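Peer 1: Before anything else, here's the structure in question.
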């Protein structure tokens, strides 16, 4: 019986501690209207588990804790989009996370929706690597 309890506790610890909010490599699709196509860029962003609590009922003494894995520090990098017309602005600036934290999602700078467009969304029919 103790081995079953140990296994359960170990799995819980692993799920919480080892899948915590951390930097991860992702590929995003970026587009420039002036260029008429999308390109894929590798960048770093935050992903993982954050403790959250959503009560079934409202209790002013115990507010809901809704934390998400989000950036603590950002830098911006710029890439030249190849193949744009000569008169078009071919530079694209995108965020790169350098440090992560579990915190409140800032809707002013982050897509906090349950189902956003996703990192591979492209509004043009043509996509280039």
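The backbone N, Cα and C atoms fix where each Cβ goes, and this holds for glycine too.
Pulled these from Swiss-Prot:
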- 21-69: disulfide bond (DISULFID)
- 35-84: disulfide bond (DISULFID)
- 38-122: disulfide bond (DISULFID)
- 46-100: disulfide bond (DISULFID)
- 50-102: disulfide bond (DISULFID)
- 105-112: disulfide bond (DISULFID)
- 25: N-linked glycosylation site (CARBOHYD)
- 42: N-linked glycosylation site (CARBOHYD)
- 1-20: signal peptide (SIGNAL)
Peer 1: Given residue 38 (disulfide bond) and residue 105 (disulfide bond), what distance in Å do their CA atoms have, once rounded to a whole number?
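Peer 2: About 27 Å separates the two Cα atoms.
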Peer 1: Output the one of 69, 105, 122 that, of all these disulfide-bonded residues, has the highest number of other Cβ atoms within 10 Å of its Cβ.
Peer 2: 69
Peer 1: Recorded positions 25, 35, 100, 102, 105, 122: which have a Cα within 10 Å of residue 42 (N-linked glycosylation site)?
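Peer 2: Of 25, 35, 100, 102, 105, 122, within range: 25.
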Peer 1: Around residue 50 (disulfide bond), which of the listed recorded positions (25, 69, 84, 100, 122) come within 10 Å, judging by Cα atoms?
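Peer 2: Passing the 10 Å Cα cut: 69.
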Peer 1: Return one of helix, strand or coil for residue 42 (N-linked glycosylation site), based on DSSP.
Peer 2: strand
Peer 1: Across all chains shown, how many C-beta atoms besides its own are within 10 angstroms of the C-beta of residue 112 (disulfide bond)?
Peer 2: 14
Peer 1: Quick one: which of these disulfide-bonded residues, 35, 46, 100, 102, 122, have their CA within 10 A of residue 25 (N-linked glycosylation site)?
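Peer 2: Correct set: 46.
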Peer 1: To the nearest whole angstrom, state the Cα distance for the pair residue 46 (disulfide bond) and residue 112 (disulfide bond).
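Peer 2: Cα-Cα, rounded: 13 Å.
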